[in-house]
Structure formats: C-alpha cells, structure tokens
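**Q** Sharing the features that TrEMBL gives for it:
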- Asp30, Lys35, Thr86, Thr121, Glu155, Lys263, Arg327: NAD(+) binding site (BINDING)
- Phe152, Leu153, Arg154, Glu155, Lys204, Phe249, Leu250, Gln251, Thr252, Gly253, Gly257, Lys320: substrate binding site (BINDING)
- Cys260: active site, nucleophile (ACT_SITE)
- 313-415: domain 'UDP-glucose/GDP-mannose dehydrogenase C-terminal' (DOMAIN)
Amino acid sequence: MRIAVAGTGYVGLITGICLAEMGHHVVCTDVREEKIQLLKTGRSPIFEPGLEPMLKHNMSNGRLDFTTNPRTAYKNAEIIFIAVGTPENEDGTANLDYIHAAAYTIGVSIENDVIVCTKSTVPVGTNEKIKEIIQSVKPPPLQAIVVSNPEFLREGTGIIDFFNGDRIVIGTESREAASIMEKMYLPLKIPIMKTDTRSAEMIKYASNAFLATKISFINEIAAICEKVGANIEEVAYGIGKDKRIGPHFLQTGIGYGGSCFPKDTKALVQIAGNVKHKFELLESVIKVNYRQQALAVLKAKEILGSLKDKRVALLGLAFKPDTDDVREAASLTIAKALKDEGAMVIAYDPAAIANARKVLGDTIEYTMDIQLAIENTDAAIIATEWDQIKHFPLEIYAEKMKSPIIIDGRNCYSLQDLSSHPITYISIGRPSIKPYKVKS
Ligand SMILES: NC(=O)c1ccc[n+]([C@@H]2O[C@H](COP(=O)([O-])OP(=O)(O)OC[C@H]3O[C@@H](n4cnc5c(N)ncnc54)[C@H](O)[C@@H]3O)[C@@H](O)[C@H]2O)c1
Ligand SMILES: O=c1ccn([C@@H]2O[C@H](COP(=O)(O)OP(=O)(O)O[C@H]3O[C@H](CO)[C@@H](O)[C@H](O)[C@H]3O)[C@@H](O)[C@H]2O)c(=O)[nH]1
C-alpha cells in the first residue's frame, strides 16, 4: 500500500520504518527540516535499538522516503497516519495544536479519497474534530475517513512492540475503512479489535492510566515494606504470581517518567473533569508519583545530612533504559533538587546526555564514563537501570568513591551481592545495608 506518516518522532518514525519493513511504500513528513535532512542521509534522530539499520535498509530498497513537503508525502497515499505530538498544557489537558495543524495540512494537500489514521494519543472526540477540519478545507465528494488507531509501543523496544503487540485497536464507524486497516495489519498476526472511534480513543488513556496505577500501587506497598521490615522484591514476586494480577509493571522505583504516563494520566483526569467526574484514584496515582520522584534526594539527605558542597554522581538520565528520551525523567527532578540543596552533580548516561543538557544546561557535569562519574563522590544515585549500570562492578564503587554510599532508585543490585562489599546501600522498599549517618 502507499502510506504517508505525519510526524517523525518516536511513534511516527518507528511506525513508518516498520510499515516499510512489512513491504509498504512509505513517505514520512515532518515540519522540522533538520530531522528530515538527517533522515535522508540514513541516520536516525532518535536512539532506538535496531531502528537505524532498518531505516537504511528500507531507504536503499526504495520503500521509504522523507520529505518536508506534505503535498509530496500525501500525493496518492491510501492511508495517512497522524503521529504528531500531543504534549500537556499547563492545566494538564492535552495540547491539540499539532493535531489540528496536521489535519488542516492534510485537508489542504489531499487530492484523492484517503483514510486518515490517528496514532497520536488524543482525547475522546478528537477524531471527530480532525474529520471536521479536513472537511472544512476539502468538502465532499472527496472522502477522508478518519480512524482512531492508538499506539501502544514502548520506547526502547519500539520495533519489537510493533511486530509483537498484544493487540491492534481500530476505531471507526466505517466498515470499509476498518477492513482496509485490518488487511494492512493482518500479516503481523496480532489480535485486532475493531470498535467505535470514541472507545478506541478511551482504550489508549485507560491502558496508560491502569499501568501507571500499578506502578504507584507497588510504590505505596514499597513504602510500607520499608517501615514494617518486608522486602518489596519478594512481595511483588508473590503477588505477581497470581494470574489475576500478573507480574508486569510491579517494579518499584523512583516513579514513572517518559512522554506518556505523566501527561496521559493528567489528561485523563481532565477528560473526566470535563464530564463532571472526579477521578480520585488517578489523582492519587499522580500524587504518589511526585512523591516517588522526590524520594532519592530525601534518602540522600537522611544519610548525608546536608548536601551542601557534597559531590553526587547521578547514574542514568534517560527516563528508562535503551532510550535517549529524558521527557519527565526522574533524573531531571533529582538533578534540580540536588542543585537546590547546594550539591555538585556529575551525571552519567550512555545515550541521553545531549537531551538532558537541553533541559539542565551546564548546571551539572556530564560524562559517558561511570568510573569518572563516581570518582571522589560522597554518594551515587541510580536513576535509570541501564545494563551498563546494573552490571557495573560493586568493588569499583568502594574503590573510587570518597564515601561509598549508593542510593539505588531502581533496585539494580541484589542484597546478597551487596553483603560482601563495604558499601552503604539504600534502595526502595528493601532493607538498607550498613546505613550510617554522616555528620554534615
Ligand atoms: N513516545 C511513545 O513511546 C509513544 C507511544 C505511544 C503513543 N504515543 C503518542 O504518539 C504521539 C507522538 O509521540 P512522540 O513521542 O512520537 O512525539 P515526538 O514529539 O517525538 O514527535 C512528534 C513529531 O511530530 C512533528 N510534527 C509536529 N507537527 C507536525 C505537523 N503538522 N506535520 C508533521 N509533523 C509534525 C514534530 O516535529 C515531531 O518530530 C503523542 O500523542 C504520544 O502521546 C507516544
Ligand atoms: O514496573 C514498572 C514499569 C515501568 N516503570 C516506569 O514507567 C515509565 C514508563 O515505562 P514504559 O511503560 O516501559 O515506557 P514508555 O515508553 O513510556 O511506554 C508507555 O507509554 C507508551 C506511550 O503511551 C505506551 O505506548 C506504552 O504501552 C506504555 O508502556 C518508566 O519511567 C519506567 O521506569 C516503573 O517504574 N515500574
């Protein structure tokens, strides 16, 4: 099929490249000239495992192209995917400016009947608005059928998720469009659910809200475990064995970040509020997450006293491993809090330094070498469970740090491994090892 994708961010680019890999002819378009220029040279503007080789492969076989010109992208397209951003407004609602602009450009550009398929996460009713905007510039008889097709991929495993998703949701009132979309996805052999547009839009928010709820729930249990002397790892394993609960998304830590859970939970609270429903459960999930992101610095203060002039290594900047994305990452909250306390911060990350620097500037130091990061520091805070951090030898902490104190916000190390090292180790929801008070 001939497919166009609007937006070459995490979702648009992964979707476009994977559709080309399936054998479709794909043209991706973006308003950002520098992204398109980079992509045209076969390089990916984002760090996503496996993406660049697949990009190069499909460009060289002629199935994948990039342009800043929407008319070129949409010419003769049978399906246009919208994958532009829907960031949060100050009041927590979803900002739909990019969606509306993309819809308008589609309306202006199209010259044949087309399916417009929304991958972006959008509040209920948005697809109706998209249709309205397109029709306002391109009225019938030209037909643009709008379909909601929410995306469930995770950053860092985007390609795996595209080809092995748990389900594909197709939301439309048009049987014809649903069957074309179904045919397109059929080779993936992923269960397809066809539903109405509004339910499809809601499925996306409800999925993310539920997953965020699991995380905040386990973080609450972890806080109680610390006080009653239980071990959260044992507890999460024990409850996850119950098939009705399941083992996923029960990893405790310093909270969820990323471009989706924080904004989508807030947007759903607003969506509920708009219809006079106070979503109290989700409001608490969000509150718990703020508390969780503040935890690492509180624990550092408990053990070190004042953080003024203390040198602290911040290990991990990305909101999760295998991505360069720092949007809403706990590391940013931690870095700012440490600076507010007067600490000197040196951060390590294998992929996300450039993006973190855009937010934090030169308020902290950066390095891509863990040994350099921890050298002569008073404490190390682990914010992301990169493999490079999880497998970093404990004896080197003891050797290189001024005082070997690790505050592990992602429970990277097993307590047994710690017991043979002279390290003070504070993690989340588990007993602390050799904690001692350092006089400030
Ligand atoms: N990041 C994820 O893992 C993920 C997963 C599922 C769903 N989503 C949702 O998908 C959407 C996109 O997320 P993302 O992380 O890929 O965003 P992103 O910010 O990484 O990328 C969005 C891209 O759209 C481009 N753009 C903006 N306006 C445009 C226009 N009019 N025409 C063409 N391009 C335009 C931007 O320049 C940018 O490159 C959001 O609604 C998000 O909630 C994201
Ligand atoms: O048990 C867990 C699982 C995750 N996290 C944190 O939760 C955040 C999000 O992680 P993850 O869901 O793996 O990454 P995302 O790429 O943000 O993916 C989520 O958000 C996407 C955008 O909507 C959806 O498409 C995905 O289905 C959904 O998992 C990260 O900060 C993780 O550290 C935890 O703290 N504990």
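Even glycines carry a Cβ here, placed using N, Cα and C.
For each listed feature, how buried is it and what is near it?
**A** Long-range neighbours of Glu155 (NAD(+) binding site) (same chain, six or more residues apart, CB within less than 8 Å of its CB): Tyr10, Glu48, Gly258, Ser259, Lys320, Asp322, Thr323, Asp325.
Of all the Cβ atoms in the protein chains shown, 16 others lie within 10 Å of the Cβ of Phe152 (substrate binding site). DSSP gives Phe152 (substrate binding site) a coil state; it is part of no helix or strand.
Long-range Cβ proximity for Cys260 (active site, nucleophile), meaning a same-chain Cβ under 8 A and a gap of 6 or more residues, is found for Thr121, Asn208.
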**Q** So of all those binding-site residues, Asp30, Lys35, Lys263, Arg327, which one's Cα sits nearest to Phe152 (substrate binding site)?
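**A** Its closest listed neighbour, by Cα, is Lys263.
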**Q** Please list, in sequence order, the residues in the chain of Thr252 (substrate binding site) that are at least six apart in sequence and whose C-beta is under 8 Å away from its C-beta.
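**A** Looking at Cβ-Cβ distances below 8 Å from Thr252 (substrate binding site), excluding near sequence neighbours, one finds Ile218, Asn219, Ile221, Ala222, Ile232, Ala236, Asn411, Ile428, Gly429.
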**Q** Work through the binding-site residues one by one (Thr86, Gly257, Arg327) and point out the residue whose CB has the fewest other CB atoms within 10 angstroms.
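**A** Each of the binding-site residues Thr86, Gly257, Arg327 was scored; lowest Cβ tally within 10 Å is Arg327.
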**Q** Have a look at the binding-site residues (Lys35, Arg154, Lys263) and report the one with the fewest Cβ neighbours inside 10 Å.
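**A** So among Lys35, Arg154, Lys263, the binding-site residues given, the one with the fewest Cβ atoms within 10 Å is Arg154.
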**Q** I'd like to verify something. Among the binding-site residues Lys204, Gly257, Arg327, which ones have a C-beta closer than 6 angstroms to some atom of ligand 2?
**A** Gly257
**Q** Return the average pLDDT for the domain 'UDP-glucose/GDP-mannose dehydrogenase C-terminal' (313-415) as a whole number.
**A** 97
**Q** What is the Cβ neighbour count of Leu250 (substrate binding site) at a 10 Å cut-off, with all protein chains included?
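**A** Excluding its own Cβ, Leu250 (substrate binding site) sees 21 Cβ atoms within 10 Å.
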